[in-house]
Ligand SMILES: Nc1nc2c(ncn2[C@@H]2O[C@H](COP(=O)(O)OP(=O)(O)OP(=O)(O)O)[C@@H](O)[C@H]2O)c(=O)[nH]1
Ligand SMILES: [Mg+2]
């Protein structure tokens, strides 16, 4: 499934430094000529598409990006230094709009693609430029130009990396609201969730992944029981499924465990009936509501044994957050590994990247000038 990740930010490029107005004054040169240098260029704000970034979540926190001004020129032919550019890294697939007019400006669809969001102002000219045969002592100089300033909207269509699967009331919505920025409705009755929700899970400054919370699935869903099973299509592009099982009513006596295992098997059977490829996706077992269980270790061991499960298993409380940290770290590592494999395949297919924006000057830094 796709959802739109969005952020609106402001970019302000640096102002160019002023040109200087100055004359040479040396001991033995009584009437020195003009020696006022030019101002430096203001820093530009650039954007680069980076496939190692997956969401726009950073831009919801940092909304204003300001590059520094260029230095003013000085006497003795000294030019002011240009200010450094700042570069905003964003996911491949980000579309950049002018937030005021709604006009589409850039489609950042290639890894490494680089564009200028706001160009730094040019530096002003010092008075050395105004010397001529008729004016040997020019007083003119020009001020630096203002940097460009814009409000921009970034838009990214995101696909879920992880899908939550489970019976109604298993705690899927509670989990996504605990680990991500999504805030779906949570309630103690079945079929609370009627439409999928996506949330971004952020595990560090630069790492994140997207989780899909879907309605609960019950036995017979493929024949239309409950909400049916068509919403499973939202999991088609995910990498990993988390199968949530509510273990709150289990005590390690065999009966309750056998019943829960039966229900878990039914869920997997519904998955298989919907689509064989979904059934074959990596699936991790997540035992939820552990805060309600007096002997969690035993419940976990017995459940897995009865289920015949030797895959990855987590025991958590979505409500208290117990165990969720390890779960999201492991998910992030696994998702990163999949992306790495994709990147290698993509590099092989695409060859290397060439900068395309004609305004982009390879010299970077000081000389990034619109031509
Ligand atoms: N004690 C406890 N209660 C939980 C936990 N996780 C969820 N719950 C409760 O279980 C009930 C159902 O939670 P939801 O998150 O709405 O479950 P769901 O899987 O999204 O349910 P549907 O949307 O109906 O499929 C709510 O009352 C939650 O507060 C948990 O770890 N511990
Ligand atoms: Mg729900």
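From the backbone N, Cα and C atoms, a Cβ is placed for every residue, glycine too.
As given in TrEMBL:
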DOMAIN    1-159  domain 'Obg'
DOMAIN    160-336  domain 'OBG-type G'
BINDING   166-173, 191-195, 213-216, 288-291, 317-319  GTP binding site
BINDING   173, 193  Mg(2+) binding site
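Features per TrEMBL, on structure.
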residue : record              : Cβ within 10 Å
166     : GTP binding site    : 24
169     : GTP binding site    : 21
172     : GTP binding site    : 31
173     : Mg(2+) binding site : 25
192     : GTP binding site    : 17
193     : Mg(2+) binding site : 22
195     : GTP binding site    : 11
215     : GTP binding site    : 24
289     : GTP binding site    : 23
317     : GTP binding site    : 22
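In the vicinity of ligand 2, defined as a Cβ distance under 6 Å, none of the binding-site residues 166, 289, 317 are placed. In this structure, residue 172 (GTP binding site) is part of a helix by DSSP.
Straight-line distance linking the Cα atoms of residue 173 (Mg(2+) binding site) and residue 215 (GTP binding site), rounded to a whole number, equals 9 Å. Classification of residue 193 (Mg(2+) binding site) by DSSP places it in coil, neither helical nor stranded. Residue 172 (GTP binding site) sits 9 Å from residue 193 (Mg(2+) binding site), taking the Cα positions as reference. Residue 289 (GTP binding site) carries neither a helix nor a strand DSSP state and counts as coil.
DSSP assigns residue 215 (GTP binding site) to coil in the three-state reduction, placing it in neither a helix nor a strand.
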